[in-house]
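Some notes on the structure that comes next.
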Amino acid sequence: MPEGYDNSAYISDVLNEKVSKNKMFETENGIPKTEQDRDNWGSGIEFILSCIAMSVGLGNVWRFPFIALDNGGGAFLIPYIIILVLVGKPSYYLEMIIGQFSSRGVVKAFDCVPAMRGIAIGQVICVIYISTYYSSILAMTLRYFFYSFNSVLPWSECNPAWSEPCYPSSGSSLNQTFENGTRSSAELYFLKEVLQAKENINDGIGWPILNLFGFLVLVWIMVFLILIKGVKSAGKAAYITGIAPFILLIIFLVRALTLPGSIDGIVYFFTPNWKDVLSAKVWYSAATQLFFSLNVFLGNIIMYASYNKFDHNIYRDANIVTTIDTFTSILSGCISFGIVGHLKHELKVDDIKKVFKGGPGLVFVTYPETLSKFQFVPQLFSVLFFIMLFILGMGSIIAMMTCVITVVRDQFPKVKYWQAALGYAIFGIGCGTLYITPGGQSVLGLVDHYGSTFAAFILAWFELVAFCYMYGVKKICKNLECMLGFEPGLYWKACWYAITPIIMGAIVLYTLILYEPPTDNGQDYPSVAHIVGWCITTLAVMWLPLLLVIEIIKQKKDCWIQKIKGAFLPKENWGPLKTENYAKYKEFIKND
C-alpha cells in the first residue's frame, strides 16, 4: 500500500472497484453480502481433521488391500509411494492453494480460467454420483452394526432357508469336508439376507429392500443434522470422524496380529513380486487408488480450503494429510492381510487369493467371517468394526455433500445452508434407493465405472491443464506467496510445470487405449446398460466443451481471436473474496 495512504480508504476503494465489476459483490451496510454469509472453520485443527476424515475413508479399508493383492502385493507399494510423491501431494497442495486463495467453491474457483468452468460442473456431478452410492454402502454398514448386538452374530451360522451348500463362518465345522462350491454363511448372509441379490442386471433390479431403505433414510438424516449449520458443525463432527477411526484401527491391528497365521498374510503383503513393478497395469492401479483415496480432482479439497483464513498454513496441512492417508492405507493393508492370512491358516488353503474378496465382499464377507471366529465376545469386535467403517464413510460423504451445497450457495446466495442440505438429503434418498434393490450392486458397478472413474479421470487431467498451464504455475506461486509469504520450492514447481500433468495425461491415455467395458458379476452388461453408462459419462463431461463455447461467445471483444483469448483470462473480480484480502492481493501484485 502506498506510504501515507489510509488503510480504510484503500479498502473502501477496492470494495467499490469490486462492486462496480460484478454484481456478486453487492453490499449491505458497507459489507459484501457474500462475505457476511461465508462461513469459516472454527479453528485450523477442524480444517485438518475434516481433510483427514474426507481422505481417509472406505477406499483405505477395503479398496487398497484388494488392489494391492491384485497387483503384486508388496510390489504395488513401490509405484504407490512414487505416485503419491509425484501426483498425490502436488495435486492436493495445488487444490488447497486455489481454494484458500479464492475463498470460493469449485465452480467459482474456475473464475481464474472461465472457459474451463465446465470441469467444475462435471466434477460436482461426479461427486453426486459417488455420494449417492456411498450412502447405500453406509446403509448396509448400519444394518450390520445393529445386527451385531444379537446374542449370536446372524452371519456366523448357516440358515436352512438359503437352500445352498454352506459352512458356518464361526468355524464350528472346520474339520468337516465340504463339496466344491460350498460357500460360507457370511457370504450367503450378505447375498441372501442383506442384498437379496439377483444374478445380474438382466433379471431387473427389483424393488427396494425395506429395512435397507430405513437405514438409508437414517444415514441421510444423520448427515443432514451434522451439516445443518454448515462447516462449523461439520468441523465439530471432524473431531470424531477424523480421530476415532485411528483408535479403532489400532485395536484391530493388535487383534489381527494375535490371530494364528496372520503374520504370513502380512509378510505376503510386504513381499514384492518384482516383475510386477514394471507393469503398466500396476502403475495405473496405483494412480487410480491414490486418486480415490486422497479425494483429489473432485472439488472437495478446493471447497474445504475455501473456508480457511487467508493466511492459514496449507503447506503444512497438505503434507500432513497426504502422509496420514498413505499411512492409513498401509495400516489397513496390514489388518486386512493379517485377517486373510488367518483365514488361509484356518481353511488350510494354499493360495491367499482364494479367501480374499474385493469390493463390498471384503467389508461385508471377509471381515464378518473373521469376526465370527473370534472366541472372546465377537459381538464387541463386530460393533467396533462397523462403527469404525461407518465413521470413515461419514467423513467422506460429509465432504461430498458440503462440496455440492457450497456450489449451490455460491450460485444462489439467498439459499440458506439448511435448505440446501435438506434438499440434497431428499435427493440422496431418492437416488440411493436404486442401490438398495436386489440388483443394486449391478447399478453401483455401472455408475462407479462410467461416472466416478472414467469421467473423473478425463476431468482431472483437464483441471491440471487449466490451473498449471492456462492460469499458470507462476501465478499460483504468487498467490501462495501473497497468502503465506513464501513461494513453493523447486519440487512443487517441477511437478506442476511438467511431472504431474504428464503422468495424469499418461493415465488418461492408458485408460482410453486399453479401455475394457465393465462386467456384472463376471457377465457382460446388456447393451442398454452400456448406453446408460455412456450417458452418465456424457452428463459429466459435456459441460467442458459446452461452457467453453458459451464463455467465448459471451466475451465483449471485436474479433474471435480476442474473444478466445479473453475467455481464458481471469475474470476482472478474480482474487480473494474478502475485501481486506482482496486489497492485500491487489497491492501485492502492484508492488511485485
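Any Cβ shown, glycine's included, is placed from N, Cα and C.
If you check TrEMBL, you get these features:
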| type | residues | note |
| --- | --- | --- |
| BINDING | Val56, Asn60, Ser293, Leu392, Ser396 | Na(+) binding site |
| TRANSMEM | 74-94 | transmembrane segment |
| TRANSMEM | 124-146 | transmembrane segment |
| DISULFID | Cys158-Cys166 | disulfide bond |
| TRANSMEM | 205-227 | transmembrane segment |
| TRANSMEM | 239-263 | transmembrane segment |
| TRANSMEM | 283-307 | transmembrane segment |
| TRANSMEM | 319-340 | transmembrane segment |
| TRANSMEM | 380-408 | transmembrane segment |
| TRANSMEM | 420-438 | transmembrane segment |
| TRANSMEM | 450-473 | transmembrane segment |
| TRANSMEM | 494-515 | transmembrane segment |
| TRANSMEM | 527-553 | transmembrane segment |
Exercise for the section: Look over the recorded stretches 205-227, 450-473, 494-515, 527-553 and say which has the most C-beta pairs under 8 A to the transmembrane segment (74-94). Expected result: 494-515
Fill in the blank from the handout: Leu392 (Na(+) binding site), Cβ-centred 10 Å count of other Cβ atoms over all protein chains shown, is 26
Exercise for the section: Could you name the residues, excluding Val56, Asn60, Ser293, Leu392, Ser396, of the same chain that surround the Na(+) site, i.e. Cβ within 8 Å of the Cβ centre of those residues, in sequence order? Expected result: Met54, Ser55, Gly57, Leu58, Gly59, Val61, Asp325, Thr328, Gly395
Problem - Which of 124-146, 205-227, 380-408, 420-438 contacts the transmembrane segment (450-473) most, counting Cβ pairs under 8 Å - result: 124-146
Practice task
Sorry to bug you, but what's the C-alpha spacing from Ser396 (Na(+) binding site) to Cys166 (disulfide bond), rounded to the closest Å?
Solution key: 36
Practice task
Would you confirm whether the transmembrane segment (380-408) and the transmembrane segment (527-553) meet the contact rule of 3 or more C-beta pairs below 8 angstroms, pairs 6 or more apart in sequence?
Solution key: no
Exercise for the section: Look at every Cβ pair spanning the transmembrane segment (205-227) and the transmembrane segment (420-438), keep those 6 or more apart in sequence, and say whether at least 3 of them are under 8 Å. Expected result: yes
Exercise for the section: Could you state the whole-number distance in Å separating the C-alpha atoms of Val56 (Na(+) binding site) and Cys158 (disulfide bond)? Expected result: 34
Fill in the blank from the handout: The answer for the transmembrane segment (494-515), taking Cβ pairs under 8 Å and residues 6+ beyond its ends, is 83, 86-87, 89-91, 94, 280, 284, 287-288, 454, 457-458, 460-461, 464-465, 467-469, 473, 476
